[in-house]
Amino acid sequence: MLGNHLFFIPVLPLFALFSLILKNSWKDILEKAVDPIAICAYGFTIKMALIAALFNSIFGFLITWVITRYEFKGKKFIDAAVDLPFALPTSVAGLTLATVYGNQGWVGRFLKMGNLQIIYTKFGVLLAMIFVSFPFVIRSLQPVLQGLDHGLEEAAWCLGASSFQTFLRVIFPTLVPALVTGFTLSFSRALGEFGSVVMISSNLPLDDLVTSVLIYQSLEQYDYFGASVIGAVILMIALLIIFLINTAQAFYSRR
């Protein structure tokens, strides 16, 4: 019974969203959905979210490997710091990034000497997405890597496999499902980021405007219909991408 009620928690808002949209004609819906500013925002948001998820997958894997396989001073601090983006409100995360990478920030002032700028650019959007979605890959991989049977590695070594061969043929295939899960979660989180992005990007249409900010701008203009259409489109695109990722993962697992 409880499960049935929990099912409606995500379904009811979606039902309300699509009900609001379908009150209008398909012509009006299509006009809002394929607006040049909206199309540019879809593409830019998805591209940045995919790059952020890929970056997090690579470096998240490396960090997970280090904190799981090695003992060193500061290990517990690093392990705890990984969860920092979970604890910070996104607006605080944006303010932190702006403080560090702004023209007068700790890092930004040195970048300015080389005529480099991060905030109010596309790279700033990417940086914000990476920051807020970084922990997902590490927390997805960590329990799997910690629970890995070391006997499998020892057996591979006894059979003459090198360390690289052992990693490639024994360890990595075991980690792939968790890595894909982390990638998917990281992508989903980056795709919907608003608080930090709105503070660190210029939010210019046809440039570095992401869909979450575009939706907010539409709501500020009392264009609830337009905001709903844009939200529904990016939702369906995200579901399609996640479906394709999960399908590829299932195909890999059956091999």
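Going from the start of the chain as shown, residues are counted 1 onward.
Cβ coordinates are placed from backbone N, Cα and C, and glycine is handled just like the others.
As given in Swiss-Prot:
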type: TRANSMEM; residues: 2-22; note: transmembrane segment
type: DOMAIN; residues: 42-246; note: domain 'ABC transmembrane type-1'
type: TRANSMEM; residues: 48-68; note: transmembrane segment
type: TRANSMEM; residues: 77-97; note: transmembrane segment
type: TRANSMEM; residues: 118-138; note: transmembrane segment
type: TRANSMEM; residues: 167-187; note: transmembrane segment
type: TRANSMEM; residues: 195-215; note: transmembrane segment
type: TRANSMEM; residues: 225-245; note: transmembrane segment
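Distant neighbours of the transmembrane segment (118-138): 44, 48-49, 51-53, 55-57, 60-61, 63-64, 82-86, 90, 93-94, 97-98, 101-103, 108, 111, 179, 182-183, 185-187, 189-190, 193, 196-197, 200-202, 207-208, 210; these residues of the same chain sit at least 6 beyond its ends, with a Cβ under 8 Å from one of its Cβ atoms.
By the count of Cβ pairs under 8 Å, the stretch nearest in packing to the transmembrane segment (167-187) among 48-68, 77-97, 195-215, 225-245 is 48-68.
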